[in-house]
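Here's the structure we're looking at; comments come further down.
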Amino acid sequence: MEGLGSHATMDSSQFKLTELLKEVHLHHSSHFSRIVDNSVSAIKSCIDQIPLDFKVTADLAPKFVRDIGADKVDFMFKKPSLIKIGGSYSIQSLARPELNVDLIIRLPKGCFLEKDYLNYRYHAKRCLYLCSIKKYLEASPSIGKVEWSTFQNEARKPLLIVYPAAKVAEVPGFFVRIIPSAMSLFSLSKLNMKRNNIHNSNHGAALQATPKYNSSILEDMFLEDTEFVNKSFLGWKEIREALVLLKVWSRQRSSVYVHDCLNGFLISVILAYLASRQQISNSMKAIEIVRVTLNFIATSESWSRGLYFPKTGQSSITKEEKIQLKESFPVIICHPSGGFNLAFRMSRNGFNQLQDEAALTLKCMEKCRDGGFEEVFMTKIDYAVKYDYCMRLNLKGKKEVYASGFCLDDECWRLYEEKVHGILAKALNDRAKSIQVTWRNTQCQWSVNNGLSVLDKEPLFIGISVSTLEKAFRIVDIGPNAESKDEALEFRKFWGEKAELRRFKDGRIAESTVWENPVAYSGNLLGAFDLLSKRLRLIEDLPLKVSSVQPLHSAFRFTSVFPPEPHLLAKEKIESLRLNKYVPSCIQPLEVMIQLEGSGNWPMDEIAIEKTKSSFLIQIGESLQKTWGMTCTATENDVDVLTAGYAFRLKILHERGLNLLNKEAGNNQAKRVPSTDKKLFTRSQHASMINGFQSRYPIYGPVVRLAKRWVASHLFSACLLEEAVELLVAYIFLNPFPLDVPCSRINGFLRFLRLLSQYDWTYSPLIVDINNDLSPSDEKEINDNFLLRRKGQGENGRSTEAGMFLATVYDKASESWTGLSPSVLELKRLVAYARSSANLLTKLTFEDEVGPYRWECLFRTPLSNYDAIILLHKDKLPYPQRLLFPSEADNGKIIARGNPSKSFQPFLLPKDLKNKPAEALKNKLLIDFDPSRFFIRDLEKEFSNTFKLWHDSLGGDVIGLTWRESCSSKKRKPEEDANEAHNPSKVLKATGQVGKGLVRSILFLKPPKPTN
């Protein structure tokens, strides 16, 4: 029982870390050790069978030798001086899923000449040596297959991947990497950072130092010398676990686990350095070591000097060698044995990205639940979701990339990365927080037999993170003053036609570039609302004056997919109409909430209150019409006001209802609050909150509009209300960890899709606290409400109950927007669609559009996922111009076809407008008329037990139907089968009759599923 109690009290985050380590940290069991030993023995026996002293020539890999520009590469084959296991396996730190063992083979001195460090001869012979081994490995029955790969994405340093013939279920995909080492092959002094060792590349120019090339050879010379790492790891369990956790952390971050930044070996070196400096101790837990390491990476001043291990024995590094390293590389982690920089591949930009990620991770650990476990270790941060803007440069066949040769001091691809990065950094300046330029060109299937010219197949990837939206959307960039001739000339040369000389307000004359503003939004609507608001407050002939006016429609908070445009017929004075211009016959009303002065004379009866409200609204309409000539139309429920090109729908919030709402929920009077007042109050709270939020994050509105369009395009309009979408998108801005806040539409949209598809809706409420209003007791109340709902669902066992729990400060029980929908089944479908769209969008970020899966699929729903579909006549929709993709069905049985009605046109025809008085024209305007909405309402009323409807409220021309369980063909008498209620074809024909004039055709795709 004691053990059970201690387990129950175990800290949640520590428990999760323990479970994660069990899953990813490979236990060195005797069984696994036997697998490794057998694989290594098979490779050794193959190498032992290779005859001695046969001549190896460039013919084994002629294109590779040619492309790296090597000469004098022939040698007589000798056996490796040593074969031994290295890498993570040797320090018991293998981390799934990368289950491989590094087998180091020491290249024999007899195969090399004293000056083979020159002109890529070493690299060529290294490759040819591997070619010789590969031939014999492939002939062995113990070996499954042998492939080429590269060392740290360096094409000039290939290595062999060997898969054993015997497949082992416990370690699927296990392989051995054969990596050559060059211990003691060359004199270290010949490879110092100031020497040039590529003599055939200068073309008569002064010899430049080749530090990257020299380091590439030194790396192989020091490959076996890892005692300084091994001694820290063997016998210290926590540091090994910390290494595994840091590997998991870095692999989840595409910008960090890359050739110019971090790898597993460098992480182990940093840990060994911290251990050597007593900055970590064996009294620490693994997660504490991780935290110290990340803090060291993010903040330590040691990086500016370089990391040098404490002196041991004979090893020392001179001051001159330190200066050489400092001048040659942006980041230095010096090998304890001498002047070799272990981090020679790490670029300045790569290190900046690493520091940013480390700092952000520490924030996650501090601010997120369970020490940020989910955000730090379980969330994949690929380029698509990390960067605000992503681009691909397809450079296939562009010979200028390698015009000077594939391999100079560095490879041409790395040099091109630097070149592109430099251009972008200069162009974007302070607009960009970070720029990633990566050419992962050796990740594809490649063989040294193909040479290096084929390594341009993969596109070069560019990721840009915006610093601030204010800077990113700056319209004018000011360059040098006109007097600075050289700088001005360089500016014009860089920007070309975009550069122009301008005089600014302060009298300065300077070069500049002018750009368009991509987030402009019409101010006409806000002006029209202000005018209406002023006039409402000025009304004198009301028993109670208007005290406040608040817009409720999403257009006022910049989240409407189709912000309304001024309508020619909705103005006080109708200007002359151009008869060749289409004039829409429908107009969308924009809801506005009014509050009146307080009074104790309101009736207490709900129906009487609503009637009193109607009376007030009619009086308001008459007053606006009489005083300012505004056109007002009244129905039993609404009063619509036409002004300045817009239609405003007025609603009154009853102040007594508002007071009751603010009282305790347990109060009996609260139950008497009319539901209309409760809805209005909630909508006003939501509108105020989102309006303020939008002003904090200008890109929020555009992201919401994309998200709403996606929801509607996949026919989820009835499942996910627009307010729910606004809250879901707000959540990704409020809780961006482990990322920064999104600063572009496409990035925010991808995060919305991933939130929908990855959030744990079954076990967690989603709390959106926009203004930090929720106290711990509020959060407890929300969690209690969530558990209560889930308990009720469990007892009912119904999948029709609401599956999403969205809580806010004004709605702690998730009643307003997700009280009834999406149901558990609807949410399951929504999650599947979101996952599919997120995967496609991520794929399109990295690859060209191929086959049927193009960007349109993000907003074009597959009609085959429904049991039946109803296609509508496009020209009978109220706003046909909003239709994104006209729907066509390729399969299914046509049940009915219908002709379009002549009684409704979405646009007023010229003959309707010619020589008509203003009032007659205004009478032709249809406010809030949407035939498809009325059609759906009638279908739900008539067939609610037969099928479920899926539709697009933003202007789609298709309605999806899925059969409900009550329509499924249960065991029943034969005569019942003919019953119309159970005959799908007859049901579908009946739906066609309901939508006569609007329905184009009805297709039957799948019959109801039989149930027991």
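Keep in mind that glycine also has a Cβ here, set from the backbone N, Cα and C atoms.
Going by TrEMBL, these are the annotated features:
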type: DOMAIN; residues: 101-225; note: domain 'Nrap protein'
type: DOMAIN; residues: 239-380; note: domain 'Nrap protein'
type: DOMAIN; residues: 385-517; note: domain 'Nrap protein'
type: DOMAIN; residues: 521-694; note: domain 'Nrap protein'
type: DOMAIN; residues: 697-848; note: domain 'Nrap protein'
type: DOMAIN; residues: 863-1002; note: domain 'Nrap protein'
type: REGION; residues: 970-991; note: region 'Disordered'
Between the domain 'Nrap protein' (239-380) and the domain 'Nrap protein' (697-848), do 3 or more CB pairs sit under 8 angstroms, pairs being 6 or more residues apart?
yes
Among 239-380, 385-517, 521-694, which stretch has the highest count of C-beta pairs below 8 Å with the domain 'Nrap protein' (101-225)?
385-517
Kindly state the mean pLDDT of the domain 'Nrap protein' (697-848) in the predicted structure.
92
Using DSSP, how many residues in the domain 'Nrap protein' (101-225) fall into helix, strand and coil?
36 helix, 33 strand, 56 coil
Mind tallying the domain 'Nrap protein' (385-517) by DSSP state, helix then strand then coil?
47 helix, 38 strand, 48 coil
Take the domain 'Nrap protein' (239-380) and count its residues per DSSP category (helix H/G/I, strand E/B, coil), listing them in that order.
84 helix, 6 strand, 52 coil
Please work out the helix, strand and coil residue numbers for the domain 'Nrap protein' (863-1002) from the DSSP assignment.
53 helix, 29 strand, 58 coil
